[in-house]
Amino acid sequence: MAKDTPYDIFLPPAAATIPLILSAMQPTCRESHPSSFPRKRQIPPTRDNGIYRETKEHTMQLHVTGSIDFEESASTSDNLLFLGFHGYSNDESEMIRIINAIYGINCCDGNAPNSNATTNSIASNAAAAHSPAAHQSDHTDYPSHPNYLSFRGTYERPYIGSYYWYPDGCSVSERRNACTAIGNSVVKLLDAPAFQRFRKVLIGFSQGGYLSYRMVAEHPDVFDAAILLSPSFKGEADSELSAGRTRFALCYGTDDHTIPAADQQCARTKLTATGNCTVFEYPGMAHGLCDQEIIDLRNWLNQ
């Protein structure tokens, strides 16, 4: 089984034709790709602890931790590849924990099936699929662990050490531009032959949920599913979202006061209009996740 491996992905200059970099360290059952250059872009002044700092160049760099077993995935009929995008002031490990939980893997050791997993869990199906009896039946074959790429935010909070995807207080256009740059690079990465066999599942929390939505809006033919966990949705009432192939799961808690109620309703309206969205609402849940949400998403993926 492949272990978690860090990658560094550098965005190419706008005019560059050199492929995107995916350089792997200790590439067990993994593949590496050619290199390119970081891209710099201007960012507006932002507020840090009440003090405005001067506009400066921001070097866009994506760091991603991945766990992909190409050998097992090639031998199974279920080929999900999760693409994780964390929330504000977190890092890539947040989405790894969530992906493992949805898959039915114990988040502490990454190996044992979760004792709370339903019999319809992906991990349970994986165990059944690899049993001797499974090869004598029509049971769908599943990989035993999730395949994922979990990305780290492109901005770092000084001294605190956590990350985010776009600055606080930025305009709608600035926020969309940041998401566009990230989305274009992720899609370029996914064009690599190694990823063609996979069904791509976006999963993001809060800022990462909004980023996942923008990636589908701008690349409607790339992603098979998108799980939006309490996504921010400010300024998206006029955005266009075609009824493409992407299946959506939209999750909010009734006590989520971080995302304005109007923005939550906008997300519900926009996504349900595609005719391919399941909305989950959790009484008493604030801006976070709950056990029932994990179970619901696990079952939703198995549909």
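Numbers here mean position along the shown chain, with the first residue as 1.
From the backbone N, Cα and C atoms, a Cβ is placed for every residue, glycine too.
Database features, via TrEMBL:
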REGION    29-48  region 'Disordered'
DOMAIN    181-302  domain 'Phospholipase/carboxylesterase/thioesterase'
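Counting residue by residue with DSSP, the domain 'Phospholipase/carboxylesterase/thioesterase' (181-302) contains 48 helix, 25 strand, 49 coil. Confidence annotation: the domain 'Phospholipase/carboxylesterase/thioesterase' (181-302) carries a mean pLDDT of 96 in the model.
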